[in-house]
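**Q** Got these off TrEMBL a minute ago, pasting:
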TRANSMEM  6-28  transmembrane segment
DOMAIN    121-180  domain 'P-type ATPase N-terminal'
TRANSMEM  177-196  transmembrane segment
DOMAIN    221-355  domain 'P-type ATPase A'
TRANSMEM  380-400  transmembrane segment
TRANSMEM  406-425  transmembrane segment
BINDING   ASP465, THR467, ASP867, ASP871  Mg(2+) binding site
ACT_SITE  ASP465  active site, 4-aspartylphosphate intermediate
BINDING   ASP465, LYS466, THR467, GLU583, PHE625, LYS649, ARG678, THR758, GLY759, ASP760, ARG841, LYS847, ASN870, ASP871  ATP binding site
REGION    504-523  region 'Disordered'
REGION    556-576  region 'Disordered'
DOMAIN    894-1132  domain 'P-type ATPase C-terminal'
TRANSMEM  928-948  transmembrane segment
TRANSMEM  954-976  transmembrane segment
TRANSMEM  1006-1026  transmembrane segment
TRANSMEM  1032-1053  transmembrane segment
TRANSMEM  1060-1084  transmembrane segment
TRANSMEM  1104-1123  transmembrane segment
Amino acid sequence: MIGRVALLVLAHLQIMSPLYVLIIQKLVNSTLFFFSRYSLEDEPTNLDEMPLMMSEEGFENDESDYHTLPRARVNQRRRGLCWFLIGGWKILCGSCCDCLTRTCRRRKELKARTVWLGHPEKCEEKYPNNGFKNQKYNFFTFVPGVLYQQFKFFLNLYFLVVACSQFLPALKIGYLYTYWAPLGFVLAVTMVREAVDEVRRYQRDKEMNSQLYSKLTVRGKVQVTSSDIQVGDLIIVEKNQRIPADMIFLRTSEKAGSCFIRTDQLDGETDWKLKVAVVCTQRLPALGDLFSINAYVYAQKPQLDIHSFEGNFTREDSDPQIHESLNIENTLWASTVVASGTVIGVVIYTGKETRSVLNTSSPKNKVGLLDLELNRLTKALFLAQVVLAVVMVALQGFVGPWFRNLFRFIVLFSYIIPISLRVNLDMGKSAYGWMIMKDENIPGTVVRTSTIPEELGRLVYLLTDKTGTLTQNEMIFKRLHLGTVSYGTDTMDEIQSHILQSYAQVSDPPPPPTTAPKAAAPKVRKSVSSRIHEAVKAIALCHNVTPVYESRGVNGETESAAAEADQDFSDDNRTYQASSPDEVALVQWTESVGLTLVNRDLTSLQLKTPAGQILTYYILQIFPFTSESKRMGIIIREETSGEITFYMKGADVAMASIVQYNDWLEEECGNMAREGLRTLVVAKKSLSEEQYTDFENRYNQAKLSIHDRAMKVSAVVESLERELELLCLTGVEDQLQADVRPTLELLRNAGIKIWMLTGDKLETATCIAKSSHLVSRSQDIHVFRPQVSNRGEAHLELNAFRRKHDCALVISGDSLEVCLRYYEHEFVELACQCPAVVCCRCSPTQKAQIVHLLKQHTDNRTCAIGDGGNDVSMIQAADCGIGIEGKEGKQASLAADFSITQFKHIGRLLMVHGRNSYKRSAALGQFVMHRGMIISTMQAVFSSIFYFASVPLYQGFLMVGYSTIYTMFPVFSLVLDQDVKPEMALLYPELYKDLTKGRSLSFKTFLIWVLISIYQGGILMYGALLLFESEFVHVVAISFTALILTELLMVALNIRTWHWLMVLAEFLSLGCYVASLAFLNEYFGIGRVSFGAFLDLAFITTPAFLWKVTAMTVISCLPLYIIKYLKRKFSPPSYSKLSS
């Protein structure tokens, strides 16, 4: 029926513009979708009823069920008109609005592009500006934006409405300043804080956008700011300068035609990456010749993946045309830093389309769980306030202008929700932040977001990075295994003597071990010395490491000094750079045993023997490591003999099927993995000249193909990877950060579930999970098959995982993506039951996505901790983000809510400061509400006695003073209270589990405070009326004095550990009140001053006044003290048992 009506409407709207018709069609489709989804009962399917336990055979046979499994399990219940009225209309309206927004503001589609060198004007379409903007507001949106952020909370909106009501004479109760002064103070503090943050963000953006770069034009070099760079510009970037946009590497000042870049702020890896210039442009005689050629770059559309790129370089003005394939080695991504030489590149992506921006989520305003809980409680208080006002009007009999009286009563009881609640909590949060930064046990800790310290005490999930967070990213070579013999750190001198002996026999011809036999039949058993020589030589050659010689000269003599250093190959100032710290550790080890890598460029590398002889090897091909292949290879030709050898090393899972049959590899890999070592299998294969020539032709042809290039290239390389000779197995240890193991143990005992999210390889991540005791040695590990690519495979893997109990999960980013596409709810449900989860090969965006999933599916608080630029998205997405300031720079530290210097500090940060912040804020918030409820109860009693008149009990300054100078200091001193000593909280982390249940601030504790407020307010007001019936004119002074004394005693009742500042606050407040009695006597009369009732100073000094006020105070407080004593004696909380 709805569809027919909608179509009829559309038929009459043909005269409207196509855009309106399109919008209406979208809205109709959205409406039809929701009514069909929620009005009808979902059709049950076999797979829906038992989604993950179907057998493999049944799964393959039931194709209909295969296609009908929903993304997430939904409750199979009937949803109709009742659902629509209760809340479905909100979802329906939201869907329609989203649809309308998407239609009117379509995001620009990202496309592949052709970029002409040095000619931005030839671009086919307009590309984004290259400016960085991290500001949340601009000049016009600042005030509206800040006000919206404040008044979207019920608490602040309520105060605004009450304050505005005082402009109406009919509703005016007291003085305007009693309502507007506190509200104005809160808004002023908030605006100043936001303005300071916004100015800092603006200054950081301006500094980034105004960085100057040299732009190459036909007229020569011109200076251009980072924000003015366009797609197609030729940009020159000097050493140690940030790359401003994504570029293709065209030329470099380095003779080798390559340079190093630092990528720590992009992918979190501290090692330098080797980048290679386009051969055609590198060979040009002069820099200006870039404008004399007619060339362009074809680049794929902008993507999230920072580890891959496909493109082509074409020069049209040569005969024949020059075509070069481009890959990740030819790219210079934005936010990386040039580490060697000067580079020239052509810009292909700018601004929002750069890899670094695509992988960064926009920061959001974080709101703590405690603030949300208090917001709910204030709504309950408002409801109680309205009910109380209605009761008062009803008891009046709804006579006269009852509607006006109703609003006057609502304003009269407005102190039931005190505005000082927000002020006290904000000041308390600032105090907690100050205490955290002043803690000597966690030096260097910085609180960057002062609004959520209580979140540290409510965490259930901790998502941590690996490299630089759990580990130091410093590799040490530990083990070499040759099959029959194994060498450890204590027997490395034996290897050194074997190498010395092998190369001592070297004359003009190559040594016998290097004359590799044909791969077909190596039947002769080699000596141990020969096998060690071949293994060490293979490790020294098969890598992507480059030795770098730092110059000792100054004042611009860098290049000449570096050249001299290259010539004499001095050991003193040589450092190694590579994309993987494992490779650096291996090359450093070969140097320690006598075979040193002294020089490397794009075409050759040189080794120095123990005797000082230089051996030169020509690099014919390099096959870099990828997450799919899990191995890297190199084909080299020895200069003296001309022999061609193919060396390969990689993970055992990838190499086991490539090497010749053996009976020891699998077992030894398992042994090393149990020790927490990262293993690499090294193998080789000798090639004839004909074999290599044939391979080279096929390989070059595959590299130039545009479609399925990666697949074709890998197929050609795999033709070589057959029956390789197994040389050795290496074991490298990644050193853990200080006290990582006890810290992880502490967090686990506290009930926090730890997930490790890393961009590293699966094998490496598993090793670190074991060595850090994230996964205990006795615990089973379920490794999710890395090659899961479709729904069927994901279904079978999840079935296999579901059958296992109490086992850790290890999953790769690709498999995770497939699981979340089809079985999001099921996967998260299973993963949350695991004691530990390891996600490897995760992109920055995937890390943030995992955080969002946990928040969405579990409703628990999450914390993310990392130290690199690739962790920023995860840190910003979590409820609480912690950054470690380490080797990988300050980007994570600056983006986080809390910054620490070492991972071990997180234990004290959560167990001690998290606990104290939550407990103190819960006590402070409830006490401030109690302070408002007790005075509102007294107002209600006063009004009911005086014929339900809407007359305020306390005037002007008394109301302001009550929540400020009379009680503020004792109440605020609750931020110094602590229930457990820090040492006890760290010794018994199990105490933390109670905090996550939220028992310190709940509807139960809130109801107890409501009952206490009603009891005390009633006692004080009725007591004043009964005991001072003859001195009734002094009821304000009597009741207010008893009220102040009661509040001071109640603060003392709630304190668990006394501090000298608490005692001082109590006596200071009492002194302020006594002193004010003499100066504010006109406020202590009934009603307004015009009634003529003034305070009699002689009256308050009489014994009768003193003992009666004391009696009222004792009656209101003594029962509560008795109840507290009995509760601590017969039902003490867990922490009090430990304290005693």
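If you go along the chain as it appears here, the first residue is 1 and each next one adds 1.
Note that Cβ sites are derived from N, Cα and C of the backbone, with glycine treated the same way.
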**Q** Using the alpha carbons only, what distance in Å do you get between ARG678 (ATP binding site) and THR467 (Mg(2+) binding site) once rounded?
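**A** With distance taken Cα to Cα, THR467 (Mg(2+) binding site) is 14 Å from ARG678 (ATP binding site).
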**Q** Using a 10 angstroms cut-off on Cβ to Cβ distances, just flag whichever of ARG678, ARG841 is the loneliest among these binding-site residues.
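**A** Taking ARG678, ARG841 as the binding-site residues, the minimal 10 Å Cβ count falls on ARG841.
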**Q** Taking 3+ C-beta pairs under 8 angstroms (sequence gap of 6 or more) as contact, is the transmembrane segment (406-425) in contact with the transmembrane segment (1006-1026)?
**A** no
**Q** Taking the Cβ of ASN870 (ATP binding site) as centre, how many other Cβ atoms lie within 10 Å?
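**A** Around ASN870 (ATP binding site), other Cβ atoms within 10 Å: 32.
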**Q** Among the binding-site residues ASP465, THR467, PHE625, GLY759, ASP867, which residue has the largest number of other Cβ atoms within 10 Å of its own Cβ?
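**A** The residue with the most neighbouring Cβ atoms within 10 Å is ASP867.
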**Q** Please check if the transmembrane segment (1006-1026) comes into contact with the transmembrane segment (177-196), where contact means 3 or more CB pairs closer than 8 Å and the residues in each pair are separated by 6 or more positions.
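**A** Answer no: the transmembrane segment (1006-1026) and the transmembrane segment (177-196) share fewer than 3 Cβ pairs below 8 Å.
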**Q** Rounded to an integer, what is the Cα-Cα distance in Å between PHE625 (ATP binding site) and ASP871 (Mg(2+) binding site)?
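**A** Distance (Cα to Cα, whole Å): 23 Å.
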**Q** In terms of Cβ proximity under 8 Å, which residues at least six beyond the ends of the transmembrane segment (1032-1053) contact it?
**A** 927, 930-931, 934-935, 938, 953-954, 958, 962, 966-967, 970-971, 973-974, 1016, 1020-1021, 1023-1025, 1062, 1066, 1069-1070, 1073, 1077, 1083-1086, 1093, 1095-1096, 1099-1100, 1105, 1108-1109, 1112-1113, 1116-1117, 1120-1121, 1124
**Q** Hey, which of 380-400, 928-948, 954-976 has the most Cβ-Cβ pairs under 8 Å against the transmembrane segment (177-196)?
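**A** Against the transmembrane segment (177-196), the leading stretch is 954-976.
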**Q** How far apart, in angstrom, are the most distant Cα atoms among the ATP-binding residues ASP465, LYS466, THR467, GLU583, PHE625, LYS649, ARG678, THR758, GLY759, ASP760, ARG841, LYS847, ASN870, ASP871?
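**A** Farthest Cα pair among residues binding ATP: 29 Å.
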**Q** Round to a whole number and give the Cα-to-Cα distance in Å for the pair ARG841 (ATP binding site) and ASP465 (Mg(2+) binding site).
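**A** That comes out at 11 Å between the alpha carbons.
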**Q** Validating a neighbour-count step here. Other CB atoms within 10 A of the CB of ASP871 (Mg(2+) binding site): how many?
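**A** Within a 10 Å radius of the Cβ of ASP871 (Mg(2+) binding site) lie 34 other Cβ atoms.
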**Q** Sort the residues of the domain 'P-type ATPase N-terminal' (121-180) into helix, strand and coil with DSSP and give the three counts.
**A** 28 helix, 0 strand, 32 coil
**Q** For the domain 'P-type ATPase A' (221-355), report the average pLDDT of the model, please.
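**A** Here the predicted model's pLDDT, averaged over the domain 'P-type ATPase A' (221-355), is 88.
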